[in-house]
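Let me begin by presenting the structure, written as structure tokens, before commenting on it.
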Amino acid sequence: MMTNAAPVSGRIWSKRRCNASRPPADAPIPTTNSASSMELLLFGIGLGSPLAYEVNRQTQFYPKKVPHESKKGIYRNEINRRFSTTAVEDSGRGDPLPSDAVEPAPSSGFRRADAAQASSEPVEKNFRPFRAIPFESVSCYSENNYVSTKEGGELMNHGVFITGTDAGVGMTHVASVLAAALQRRLDENGGGRVGVWKPVQTGVRDEAPLPDSAKLVLGSGLPIRESETFSYAFPDRVVPWMAAQRIGARISISQLAEEGLSRLAACDRLVVDGAGGLAAPLTDRRVVADLAAALALPVLIVARPGIGTVNHTLLTVAYARGAGLRPIGVVLNGYRDGQADIMEENAMMIERFADVPVIGKLPWLPGAPASGDDWSTWRERWADVSSASLDLDKLP
Ligand SMILES: Nc1ncnc2c1ncn2[C@@H]1O[C@H](COP(=O)(O)OP(=O)(O)OP(=O)(O)O)[C@@H](O)[C@H]1O
Ligand SMILES: C[C@H](N)[C@H](N)CCCCCC(=O)O
Ligand SMILES: [Mg+2]
């Protein structure tokens, strides 16, 4: 259940506070190995959960044991409560959407053992996800908030939602490169703060490669803590809805929208790293496009440079527009030797048929660090490449 009644004292994170809490420019960039122990206890603390969590010393934010039977919001990064302006009592399944978008919640939370029961529930036919969450409903999230819908509309001018034509096309890579480039440009023009946000990430495990939240921090070089960059993290590398369901959790779009608006207000530029692509399901009836629409953010589409990308990109642009989103650009990422000609042809066709500018053509730069080491060298190499390859003037 979500209670809208009392704003939580001290939860409103204004721009002023945001700047005040920003580490000094010469502070060491926090890495996954430098967060304090308090910052590591993200799950359960503050929720009164009796469960004790083993903190993963590698990624330092994900509990080693995922307590499937927990009813509290163990899958939600509670550090991000600072971005929440309303008191939230987590039901363990996330919260229903307001007004007519309210969906019938199952009588008990999904558990792994209940998967058969969950899948036997009636499936709504002809379901059109992004029609069900009109932008006006964003005002619900702002009721007790200093961000009004109108201001929220203006905020879209300084945020960008990164999506892609497929999983693995380089969305997180482009998001971190873009964040670094935007910060550099702000620094050269009187200062300001760029934020990065990963609303939902999957495949976060001890043995897995770095999670996207870590890549965003290490790849952008921004002086921010990884623990503050993501909201939901799930162990299985699958579609977010399924990843949540597998541990008996449910992603709350309304909480993410509220959090996103507060994050937008708290920095000068916000780069949001989506998940999977616009049509990737986040819940049983919401897809990534719904989140971008709730935030009213323009979308930047990351696509492959070679064969197949024209079709994938035009489909993504059409889907974005159908969802009421504004595609502001395409980045063709990872072209290799010998691919320049086909990439240029593809860029021309994408611009012609989709009427969206190709604002970046990023080469494949081998040698991305697999672990947390050597990122500063990698970033320096990328700074030169990306400043020549991205047209930031085409962004809001
Ligand atoms: N231009 C590039 N040069 C070199 N390596 C790259 C480039 N783009 C992406 N990569 C590498 O390719 C892999 C996939 O990129 P990335 O994680 O950004 O993809 P993604 O679209 O965010 O994937 P996911 O769907 O898993 O979130 C990463 O290991 C990343 O470092
Ligand atoms: C696991 C990966 N890192 C992404 N974040 C989520 C994958 C979404 C896949 C969407 C699909 O299967 O069409
Ligand atoms: Mg990614």
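Positions of Cβ are set from backbone N, Cα and C atoms, glycine also.
Note that the coordinates shown come from a computational prediction; the quantities given were computed from them, not determined experimentally.
The annotation active site is assigned in TrEMBL to K198. Taken from TrEMBL, the feature Mg(2+) binding site applies to T172, D212. Annotation source TrEMBL lists ATP binding site at D212, P363, W364, L365. Sequence annotations record features per position, and here TrEMBL assigns region 'Disordered' to 1-32, 86-123.
For the pair formed by L365 (ATP binding site) and T172 (Mg(2+) binding site), distance between Cα atoms is given as 15 Å, rounded to the nearest Å. Secondary structure from DSSP puts P363 (ATP binding site) in a beta strand. Sequence-distant contacts of W364 (ATP binding site), defined as residues of its own chain at least six apart whose C-beta falls under 8 angstroms from its C-beta, comprise G334, Y335, R336. For the ATP site, whose binding residues are given in the record as D212, P363, W364, L365, the maximum C-alpha distance rounds to 20 Å. T172, D212 are the binding-site residues among T172, D212, P363, W364, L365 whose C-beta comes within less than 6 Å of an atom of ligand 3, given in sequence order. D212 (Mg(2+) binding site) and the residue listed as 'active site' are 7 Å apart (CA-CA, integer value). Taking the Cβ of K198 (active site) as centre and 10 Å as the limit, one finds 27 other Cβ atoms among all the protein chains shown. Proximity to ligand 1 at the level of Cβ atoms, with a cut-off under 6 angstroms, picks out T172, W364, L365 from the recorded positions T172, K198, W364, L365. Each residue contributes its Cα atom, and for T172 (Mg(2+) binding site) and P363 (ATP binding site) those atoms are 15 Å apart.
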